[in-house]
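Q: Marked as Zn(2+) binding site by Swiss-Prot on the basis of sequence analysis: 566, 570, 668, 672.
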């Protein structure tokens with residue numbers, strides 16, 4: 001057996017399958033594209049669903065990849081076991097209706113045992129198969145030559161994740177030797193059991209059935225192969241280390257952490273857990289942030305926040321009590337640079353995001369301690385010495401408090417924690433996660449006639465907008481037909497088309513097919529599984545027939561508007577990088593005739609002056625009349641030129657490059673203006689946040705920009721007319737009006753204060769003695785809480801000693817103020833507690849200091865009842 005680095009294993013795997021005729025699929029972003037069912041890419045096959053369910057036919061049915069993945073369903077086990085991770089790499093080979101079991105098994109065996117490749121001792125390998133999969137069993141037994149005792153039939157060896165492809169699987173195990181287990185009485189000591197001796201190194205899934213919506217299984221029209229080999233696990237064997245964490249994928253991170261902590265890995269098993277958690281979580285967070293995810297309170301952002309906080313908490317166990325995770329980002333970049341150079345390129349931005357989040361969490365820990373103090377005080381008041389499990393879980397889930405930390409503080413206060421309640425809440429969360437996983441992994445059921453259409457369809461719409469086309473296929477209601485008549489809707493494929501199919505954010509062209517037999521309007525164009533342009537049509541006259549010729553005519557006005565907006569998005573993308581930083585990446589776009597929408601990653605808001613600079617830069621490039629050059633290059637050569645490859649796009653070996661002078665260079669399959677001057681004008685309409693770390697700009701160009709600015713000017717002129725001034729003098733006029741308004745407000749406040757003082761004089765006559773305490777509870781006229789507070793302050797001074805509650809109703813809402821003079825505060829009267837009780841009786845809540853507190857209520861009809869309660873409350877204190 002060879003001793004290989006992780007980079008060598010990855011490279012060797014891909015090279016082996018390339019030699020077997022496989023195309024290497026680049027590792028996709030961890031953030032799924034066009035798959036809302038997934039929070040993260042969580043397996044090698046997750047990015048290939050579109051091939052397996054037939055939505056897209058790949059150029060090569062044999063595919064291999066090294067896919068970065070994230071799974072967080074077992075996060076609590078990470079660091080405590082040898083092989084649980086949140087971030088990992090899956091090496092996989094896949095067949096989309098090409099080879100099947102025989103080749104998959106033979107190639108797996110060759111890769112693992114051949115001296116040219118991994119070179120495992122065949123005697124150390126065992127396999128599991130499904131009891132009913134005789135075909136796989138016979139291949140292993142009769143063709144590979146494995147003895148029967150090393151082929152274990154296990155019932156669970158059937159891969160099924162809901163509707164879609166499913167089938168039996170076979171797993172290959174490596175025997176690490178007796179040092180990892182030799183108890184003959186251990187019921188789990190076998191390949192496939194729960195033990196450390198027999199490690200699963202490869203899972204081969206044979207997708208041969210459709211799991212139908214009604215629960216039945218039917219044979220797939222095309223059988224598939226889906227395999228997965230965990231890189232970390234394979235490296236632990238090849239590098240002869242006890243766990244994945246001692247491999248070259250983790251040890252440099254652990255060594256760097258030792259330098260920060262002043263502690264050593266391998267000396268204390270409990271402290272080793274902290275080192276492992278930190279090493280695992282920084283890998284996950286580094287890659288996720290690099291792919292565009294940012295910490296937040298929901299979705300992916302919440303996962304990142306939770307991982308960082310878990311690592312920071314564990315860091316305390318090895319003496320690290322400051323932000324430090326960000327210092328490990330360059331280490332991750334160095335380890336992974338062979339296959340993921342982008343991590344090193346983005347290291348500064350990733351580190352900045354992580355540092356900000358760490359600093360925020362250190363502040364949050366203090367908040368959590370304050371919440372814990374309140375929880376303990378509440379429990380003690382109720383006569384309990386046990387912190388409820390739900391509260392312990394809330395501290396854990398919301399504030400990142402581990403159960404052990406809560407227990408530690410509880411013990412200091414002579415209290416304990418309800419473990420059973422905590423576990424119940426934890427199990428509910430696990431159930432939610434399991435339910436989510438059941439939903440997210442299912443693929444669409446394989447089938448449909450579109451995948452069977454192999455006829456070539458050529459797109460010529462970059463250069464021609466009117467061409468003569470022959471209809472080669474008509475699909476109506478999912479079935480092929482020979483013709484469709486007036487009023488009917490269908491999808492057609494033609495031999496030559498000028499219509500652009502929606503992709504890369506650019507919407508589809510519209511237009512018509514016109515011929516002697518009929519006319520059809522093109523409503524939409526999408527790509528069929530085999531890449532042809534699929535036109536959605538409505539027949540307006542006569543009939544559209546297969547084999548007939550038609551004039552295909554694109555709506556030139558809409559296309560001219562689309563190309564202006566598309567080239568403008570390229571200019572905008574570069575301007576965003578120039579102004580905001582190189583970390584900005586496209587996260588989605590819409591290029592329509594009437595507007596463009598551009599989503600991008602950015603950590604923070606875009607300031608108004610930054611927006612102005614961005615808009616000015618784009619217009620500057622437009623007015624320079626820069627030629628737009630389009631050419632084709634090999635992918636690696638285009639990237640070497642500095643061409644931007646966009647979010648979620650898959651590229652072939654030869655790519656289309658759009659170059660705008662020396663300013664912008666992008667890989668793009670869309671339609672563009674020949675010269676930036678054709679855009680005319682660019683105007684940003686809005687900028688907003690649409691999610692954690694993602695911003696959106698909407699803009700218009702050309703005539704739409706002119707109309708937008710004309711409308712804005714008209715509004716300005718109308719406002720100026722109403723204020724009897726000119727647009728140029730509008731600011732000065734508004735400044736004058738605001739000055740007048742402020743003066744009127746001051747006069748109004750002064751008058752209101754005098755009225756309040758007069759009302760306070762009147763209210764002093766309504767004071768009642770309750771148990772020797774002067775009490776005033778009254779409904780008054782007040783415009784806002786400030787007026788109420790001023791009135792209460794005035795009454796406190798006038799009365800000297802009193803408990804006061806005032807209520808005012810504005811717009812159906814109740815405002816309450818409670819005030820207690822200092823002498824009565826010392827006797828136990830508390831304005832905050834009083835106002836809370838009063839507010840609860842009119843549908844509200846509030847609180848505050850012992851001497852002054854405010855609240856609100858929703859039910860104005862119950863104000864009288866609420867005020868009546870004041871006397872009752874005072875009696876309860878007396």
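Just so you know, glycine gets a Cβ as well, placed from its N, Cα and C.
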Q: Near residue 672 (Zn(2+) binding site), which residues of its own chain have a C-beta under 8 A away, given they sit six or more steps off in sequence?
A: 563, 566, 567, 570, 628, 630, 658
Q: When you measure from the Cβ of residue 668 (Zn(2+) binding site), which residues in the chain that are at least 6 apart have a Cβ under 8 Å away?
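A: Set apart from residue 668 (Zn(2+) binding site) by at least 6 residues yet with Cβ under 8 Å, we have 504, 566, 570, 646, 656, 657, 658.
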Q: Please report the DSSP secondary structure of residue 570 (Zn(2+) binding site), reduced to three states.
A: helix
Q: Centre the Cβ atoms of 566, 570, 668, 672, go out 8 Å, and tell me which other residues of that chain have a Cβ in range of the Zn(2+) site.
A: 563, 567, 569, 628, 658, 666, 670, 671
Q: Among all protein chains shown, how many Cβ atoms are found within 10 Å of the Cβ of residue 570 (Zn(2+) binding site), not counting that one?
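A: Within a 10 Å radius of the Cβ of residue 570 (Zn(2+) binding site) lie 26 other Cβ atoms.
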